[in-house]
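The block underneath contains the structure these notes are about, expressed in structure tokens.
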Amino acid sequence: METSLETLWSQVLERLQLQLSRPTFETWIKTANAEQLDENRLVIRTPNPFARNWLQKYYVKTIRDVVHEILGHPVEIQIEIAQGDSNATISAPEVASPPPTASPVENTNTSQRQQASLNPKYVFSRYVVGPNNRMAHAACLAVAESPGREFNPLFLCGGVGLGKTHLMQAIGHYRLEISPNSRIFYISTEQFTNDLIAAIRKDGMQKFREHYRAVDVMLVDDIQFIEGKEYTQEEFFHTFNTLHEAGKQVVLASDRPPSQIPRLQERLCSRFSMGLIADIQPPDLETRMAILQKKAEYENIRLPREVIEYIASSYTSNIRELEGALIRAVAYISISGLPMNVENIAPVLNPPTAKISASPESIINAVADTYGISIDDLKGNSRRREISMARQIGMYLMRQHTDLSLPKIGEEFGGKDHTTVMYSCDKVSDLQKKNPELAQSLRQLGDRIKLANQP
């Protein structure tokens, strides 16, 4: 039986969504389209050259294997740029390669770096790349090489201590290596607001505007703190427009995407979203170990592997805590004179409580009890609105609080298909962003589930 292009691509998307992380799927796969299917060739089109190069470099083999599995015979995967973008010239950088320039610490143009408020340690060569940050790292390299062209603005979002500031400042260092006379400006949103207030008090708005709009690359940290500040938003809107229209690069960092920043003017939200939004997730175990190893190398510290594994396994939420634990361990060993091993450092580290992996039964019981629904109904096929919604919430919570795959979650709910689980998780995730009551209910259920699963 011949498979149509639409059917094939739908099946490919379903399988890739199971294999890849959600940020990867949403950013690189979901934005692509299958355009043509011949006997031995599938043509896939991407929205821009960066996406094309990224798919070609990292995911073409995965796509080829999935298509082969569906069709029953091998096909060539050809990735092209969608019509209208064929003249674009930016290509993806080598992600794992540091910039081919001298270390900023050893460079002589110190005054420019000080004026730009750049930390000498925040360079690309000291940034550890893993699955959690590969897209953001590659996008920052692309911006550093060709500012104001492909991703403008570039919006980095991720939790506290995940490396957003490091990447932003690495862009500044890179530009100053290539072009020492570049005007690089790294600021926090708080600094922008304080400077604006001072300018208003001193009748210095003209000087303020000249200062902030005469830059080549503007790097703005913690942009989420602009929320609710109407006059700051007004001034930043015009500053952003002036820079963007002049082809100057703007890079923004936040702990959440633009659409989730409360009391943000719609026009600013639109502008923040019109470039690339690159998400940074907490690092996995291997990346955390690599971060510790690199930190130890730069500080000329010898660490046994078991110590690296212990610290990396104990601190999972962010890089600042991870590096802070390493510093405490090294300081204690240095002062005490004891050998560096897990037994000696464990008492002084006091790692945070490990994330509790919940049992599926505890989640089902909590949801059934909260919504007054029997477990049989929750696992059944009833389409009654209140039962269906509770079932979707249960699937979402099981996705959040267990390591079960989508098919396994489906089995826990009476043998539901993995696509049903996928739809349910996406629906609840979207609804909670618009419904504060649902978000609060999910938090309370999450706390209840954690309490029920404590040892």
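Just so it is clear, glycine is given a Cβ too, placed from its N, Cα and C backbone atoms.
As the structure is a computational prediction, the values presented were derived from the model and not from experiment.
So that you can see what the record holds, here are the features copied from Swiss-Prot:
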{"type": "REGION", "residues": "73-116", "note": "region 'Domain II'"}
{"type": "COMPBIAS", "residues": "104-116", "note": "compositional bias 'Polar residues'"}
{"type": "BINDING", "residues": "G161, G163, K164, T165", "note": "ATP binding site"}
{"type": "REGION", "residues": "334-455", "note": "region 'Domain IV, binds dsDNA'"}
Taking 10 A as the limit, how many CB atoms besides its own sit near the CB of K164 (ATP binding site)? 25
Within 10 Å of each Cβ, count the other Cβ atoms and name the one among the binding-site residues G161, G163 with the highest count. G163
Excluding near sequence neighbours, so keeping only residues 6 or more apart in the same chain, what lies with its CB under 8 A of T165 (ATP binding site)? Y122, D221, A253
Near the ATP site, what residues other than G161, G163, K164, T165 in the same chain have a C-beta no further than 8 Å from the centroid of the listed C-beta atoms? G158, V160, L162, H166, L167, A253, I280, I319, R320
Can you check what DSSP calls T165 (ATP binding site), collapsed to helix, strand or coil? helix
Any idea what the model's mean pLDDT is for the region 'Domain IV, binds dsDNA' (334-455)? 85
Counting by DSSP secondary structure, give me helix, strand and coil numbers for the region 'Domain IV, binds dsDNA' (334-455). 86 helix, 0 strand, 36 coil
